[in-house]
C-alpha cells in the first residue's frame, strides 16, 4: 500500500470502472469550473458597496512594480526569514536540551524538563508572544522588542515540540545501543551524547524539518504584535493602494512557495539520510517516525 | 490578585469562547478531513487531485491568513453570512476557517493511519467483492481511526490553541468580550503591574484544558489502538 | 556528516541574524519616529519615500534645528513602542499621532501640541444617516484591536451599535468601502487621511467627541524642547503648518481648524 498510494484499496479499474471514473472526472471538472467561475464573478462585482472589482488591474499592478518588491515585499520576506531562521536554530538547541533533560537519570532534572516541555506545549503561541511583547515594558519599563518576542515565543513552543520528537527518536532506538555503550564503560551522559542523540537526530530529521515548516508559517503571528514581517508589509501595501484582497492573495502565495521549498528540502534530506543511513540501528527505525511526533504536532 | 477576581467572569467567558470555537471547528475538521482522506486514496484521479491541492495549499498558508480570507473572501465577496449579528457571523466564519485549516491536518493524520492498516485487510475485503467505498467505510477507516487516536488528540489540542488566532477577525461574545488572547492583551495593557499574574492565569487555563485531552487520548490509544 | 550539516545550518542562521541586526546604525543621522501606515499623516509610499502631515512637520522641525534633510532618517514607531523608542535613544524625536497625556509626560517630554484632533467617525460619502456617535444605533462600527475608542462609543453614546474589531485600519476601510460596516472611529485627522485617499467615496462626519493634543515626543529633559516649541509657533505663522495640512489632507473634505492650537510650554 505504501508504494502505489492507495492502490490496494480497490481493484485495478476494468472497462466499466474506467468509464465511470471518467464520467466522475468530467462531472467533477465541470463542477469545479462552475465554482471557480462563481468565485471569479463574485470577486469581480462587489455585493453592496461602490468598490471596484478585485480583478481590477490597478489593484494588481503594484505587485509587478520593482518598488513594491524593494520597499515592502522583500523586506517583509527578509523579516520573516530572519525571525524564523534564528528561532529555528534556538529551538533546536532548546529542544535538544529539554529532551536530554527529560531523559536524565537524575529525577529532579527529568521532572523539571518535563514540566517545562509540557508548559510550553500547552500555552498557545499567540498568548506567549503577546506576553513576551508586553512584559518587558510593563514589568521593567524596558524596551518592547517585537523581534525578540517573536523569536523567543517561536523558540519556546517549537523547541518543546522538537524535544518530544527527539525523545521519541531516542526511545525508538534498540535497547542494545544503550547497553553496548554502558558495556564499554561510557557514562549515561556519554551514551546519550555519543550514541543515542546522533542516531535519534538523524532518524528524526524529517519530522524536525516538518516542525520547522510550522515555525516558518507561525512567524506570521508576529504580525499581530507589529513585527515587520511579510504579512504586515502586505498590509502596508494594501494601505497604500487600497487593494487588501489582492495583497492578501499575493502574500499567501509567497508563504506557500516558501513552505513548499522548505518541505522539498525536508524530503530531499529524508531521501539522502535514508540512502546514506549506515547505522544499523537507524535503518530499521527511520520510517517508524510515530505520527504523534510527525503530523500530529505539526500544526 | 484583585484584577483576576474582578475579571474572572470575563476570563471564563473568554475561555468558553475558545472552547466553543474548538468544538464546532473540531467536528467540521473531522468530517472534512475524513472526506479529504477518502478523496486522497480514491480511485478517481480528480478527487485525488482535489485532496492533494487542498492539503498542500491550506497546510502551507498561515492560519491568520486563512481566517482573514473567511471574512474578506467568503463573507464579504461571496456573500456567505451566518447571521446579521456581527459577533455571531465572525464566530461562525472563524469556525469555518479553523475547520478548513485543521481538516488538512486531520486528512494527513488519517492517511498515515490508513497506511498502518495491514495490506491483508484490504485484500480480504476486495476478495469478498467489497467496492472501494465499502472497503474504506467498513474495513479500513475503523482500523485507521483506532491507530491515530493519539495524533488526532494532538491535532485537537493544537486546534484549541489555534482558536486564539480568531482574534484577527475580532471574534467576541455577544457582550463584546474578546477570546482569551485578546482579553489577556487588554488586561495586561490596563494592569501592567500584574502582567505575570495575568499571563499565568491564561497559561494555566490552557494547561488545564489541554492536559486532560492529551492524557485521555493516549489512554484511549493504548486501550483501543493495540488491537491488531 | 551530521555535525557538518548542523554546523552549516547554525552558521547560516547566525549569519542571517547578524547581518540583519547590524547594518544601518550610524549615529550621525537625526532619527524621527513616524507612523508608516497612516495615509495623510505618516505613510511609506511604494517608492520607499515618506509622506504625510506628521512627516512634513517633522521635516520642518528638523530643518529648523539645523539638520540637513539628507541626514534625517525616518523610523517606524508603532504606538506601543513610542515611549521606549525615546527612552532608549532609538529615535531622537517622534511625530506619530502622539497624544500628550500626563501618564506619558512622566516618561517623555512633549513639545507642542501642533495639532488638536478628536475622536470622530468616517462614513461612506453618500451616507447621511450617521451624524455623530448618537446616531449609530443598529449600525456597525469598526475600530482596531487594542484601542478602546469603539467601546467608548458603545458605552457612552449608543448601546445598540455593533462592533467589529480588526488589526489594522486598512481592513476597516476596505470593509467600509465594501458596505459591510457603516463607520470607522478614531481621531478625525487619521480618518481625514483615508477620506483623502478615497475622494468622493468616504467622508469624515465632523463632530469630534473628544480632544487629543498631538505633540512632538522627545526624550526626558531634552534640550531641544523650547527650540521646537518656537519652531511649531513659527510654522503656524509662516504658513508651513497650513501647507503641510493642505498638501496632505486638502482634498479630504475635512477642513483645517481655523486657529492653530496654543503651544503648551509646561
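Note that Cβ sites are derived from N, Cα and C of the backbone, with glycine treated the same way.
TrEMBL: automatically predicted annotations, no manual curation.
In TrEMBL this protein carries:
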type	residues	note
DOMAIN	A:77-266	domain 'ABC transmembrane type-1'
TRANSMEM	A:21-40	transmembrane segment
TRANSMEM	A:83-102	transmembrane segment
TRANSMEM	A:109-134	transmembrane segment
TRANSMEM	A:146-166	transmembrane segment
TRANSMEM	A:203-225	transmembrane segment
TRANSMEM	A:245-269	transmembrane segment
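Contact between the transmembrane segment (A:109-134) and the transmembrane segment (A:203-225) is supported: at least 3 Cβ pairs lie under 8 Å, counting only residues 6 or more apart in sequence.
Contacts between the transmembrane segment (A:83-102) and the transmembrane segment (A:203-225): present, as 3 or more C-beta pairs lie under 8 angstroms, all at sequence separation of six or more. Across A:21-40, A:146-166, A:203-225, stretch A:203-225 shows the highest tally of CB pairs under 8 A with the transmembrane segment (A:245-269).
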